[in-house]
Amino acid sequence: MHTYAGNDLIFAQVNSLTSIETLLPLSYYSLPYCIPMGGIRECVGNVGASLVGDQIINSPYRFQGYVNESVYLCTTGPLSAHEVRILKQQIRNMYQVNMMLDGLPVINYAYGRFNIQGTGFPIGYAAWNSDDVYIINHLKFTVLVNEHRNRIFDMMDFDVPSNGTVAKSYEPPPLFEIVGFRVVPCSVKHNQENMKKLKMFDNIDSMECPLELEKLQVVRESERISFTYEVQFLKSDIQWQSRWDTYLEQGDSRVHWFSVLNSLITILLLTSIIIAILLKTISRELAKCQGISKQAEAETDEEPSGWKLLAGDAFREPNHSKLLSVLVGTGVQITLTGFVTATIAAFGFKLPGARGMVLTLMMTSYCFSGIVGGYIGVRLWRTLKGSTDGWKSVSGSITFLFPGIVLSIHTVLNLVMWVSHSTAAISISIYVTILSLWFCTSAPVTLLGGFLATQAEAIQYPVKTNHIPREIPARTLPSWLLVLSVGMIPFCTLFIELFFFLSSICLSRFYSMSGTLCLCLLSLVIVCAETSLIVSYRNLQAEDWKWWWKSFCASGSASIYVFMYCINYLVFDLNGLSGPPSVTVYVGYSLIVAIGTLLSTGSIGFLASFYFVNFLFSSTEI
């Protein structure tokens, strides 16, 4: 909390220019805006802020506490052909200015004719029936303040005069906190003859936003543009602790809650159906095999069939067992990272104004959760191989698999963003920081987890494996068709939150439903586990003992639908974006999300199936 007094100078900050048409943030001063008197200074950020393209820098917009005024900033030189081309291009690409005051993003009211439009304001408007574009060069700010008296002065009785009255000289200056920041952006064609006589921060007459095109500031070659602004301070009853409520409540929350409730009901019905199937089928098989139900034995004289015939093959080592161990260990690490990040956000430990902290938290959590991923991966490898040989190779592969994929894809995307002059293109120093975090933290922690797995008690199979594998009966339809199709079930529990998640990133909306996100992730884990159980059981019933990879891919195939939904969002909600660089960046990040979903959901389904098959054969006398 920052408390200000009357006449205190408060400077606004600006972030990168953003656009829902390109998704490529640009530097604020890449356009011919006014430069602060003391020069451009960039605020020190974190790794996460650099990765998302935040570039918070100072601006010349200066406010004096409780002083309502109209101020002149500067006038540009004659616009060159290059500057006109850039301005027209960025205006048509719907770039907007993201300004902040005391950490609060500015809210745009668009000439006051609409309700809240969202944060930021456009850099200009394009005419409907001509090639002209008009730049926003006059801003009407409204600063909401919560005024209070300093209690220290109320208790200073020794300063009260003898007559019992308090003189005005003893009254402290008004103190306040900033609880709101609004703007009405205007385009005004100023009289350049009058502007030449002014210096930065000189006062000018207040003005209204014109609506006639001839009174707007057009962008043309050799045209000069003058920038001005007005500020008005208004008292408000909003408490400082509640000042973010306006931002977090943007959009129709009722639709969000209805969607979440509908998703939870769907999950509940699906879970009930899956549990009913499991109880009906497996309990009958166990009863028949253990002789608990004499009636069940009398009802059938059939020979043992289905999974009971696979006692000597169910735990046969799968193909590419090392790769499977690495994928499962990495998936557990990703899942744990997601839960830790969502839980911390749900309990309010992450403030809305902490830019880039979510991504920084995810990277840190992923590094330290490597101890769990290394432990799970090496223990699975030890179970499949029956020895600890090669555990260092497994731990190293877990360390480098997913981060290596992400770094490779991001390097290509970083080149695209660098060519496009985007602020999201990270520097060599950020790469060095990420690599240091990777090699100095993630690698040793993952290796420690693998070492602990070698010291743990080995998992023993309930049955012995035959030397000769059993022939798998032919099927009418390929078993992989079922495996790939059931991924739709976990996706149904995820796509609603995925929509809001994509909207928060691509459309610059605040994502505030962290509690429902935790419920969504928990439901996803349950559904992934149950989906893989059903698929594994059906494969065993069909005398198919190659359930290992199919159990991983059954729930992991949800990633296919996640990627397809991202492409659907690109085509129909983002209208294909603007230009190949934007599409390339979007598809690249969508691919990273899909790969992470594959590893996470696949590992959940595999571990659930592994313990289910182990329980199934250990609970039956065959």
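From the backbone N, Cα and C atoms, a Cβ is placed for every residue, glycine too.
What TrEMBL lists as transmembrane segment is 257-279 (among others).
The transmembrane segment annotation in TrEMBL covers 323-349 (among others).
According to TrEMBL, the transmembrane segment annotation covers 355-378 (among others). The list of residues near the transmembrane segment (355-378) in space but at least 6 beyond its ends in sequence, with Cβ under 8 angstroms from a Cβ of it, reads 15, 45-52, 54, 56, 325-326, 328-330, 332-334, 336-337, 340-341, 344-345, 388, 391, 394-395, 398-399, 403, 434, 437-438, 441-443, 445-450, 452-454, 456, 603, 607.
What TrEMBL records for 398-419 (among others) is transmembrane segment.
Summarising the annotation, TrEMBL assigns transmembrane segment to 425-452 (among others).
Marked as transmembrane segment by TrEMBL: 480-502 (among others).
TrEMBL lists 514-535 (among others) with the feature transmembrane segment.
Summarising the annotation, TrEMBL assigns transmembrane segment to 547-571 (among others).
Annotated transmembrane segment per TrEMBL: 591-617 (among others), in sequence order.
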Look at every Cβ pair spanning the transmembrane segment (398-419) and the transmembrane segment (480-502), keep those 6 or more apart in sequence, and say whether at least 3 of them are under 8 Å.
no
Would you mind listing the long-range same-chain contacts of the transmembrane segment (425-452), meaning Cβ under 8 Å and 6+ residues beyond its ends?
47, 50-51, 363-364, 366-368, 370-378, 391-392, 394-396, 398-399, 403, 407, 414, 417-418
